[in-house]
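Residues annotated as disulfide bond in Swiss-Prot: Cys33-Cys57, Cys34-Cys73. The N-linked glycosylation site annotation in Swiss-Prot covers Asn29. Residues or ranges marked as pyrrolidone carboxylic acid by Swiss-Prot on the basis of similarity to another entry: Gln24. According to Swiss-Prot, the feature signal peptide maps to 1-23.
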Amino acid sequence: MQISAALLCVLLTAAAFTVHVWAQPDGTNSSTCCYVKKQKIPKRNLKSYRKITSSRCPWEAVIFKTKKGMEVCAEAHQKWVEEAIAYLDMKTSTPKP
């Protein structure tokens, strides 16, 4: 009977740690997005972007930050998204007089 109680304690402890590990984030940024905007955003309204990859989402996403401070998710492989990224990269690499 003592062996059964000890075994039960070990199993419950192991189960508790397993649940704790599964509940941990996967190491990505907390602002991951799986719901993306399909509509094109004008480049002149964009300020910056960051790429997001997460095991929780089936695709790569980009989070654009607008000049008004809003964050908008978009699928990274859409043509307008690639053009917007190239535009922002060029804009930030161009030296200002």
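Note: Cβ is positioned from N, Cα and C throughout, glycine not excepted.
Of the recorded residues, Cys57 (disulfide bond) and Cys73 (disulfide bond) place their C-alpha atoms 12 Å from one another. Mapped onto three states, the DSSP output places Cys57 (disulfide bond) in coil.
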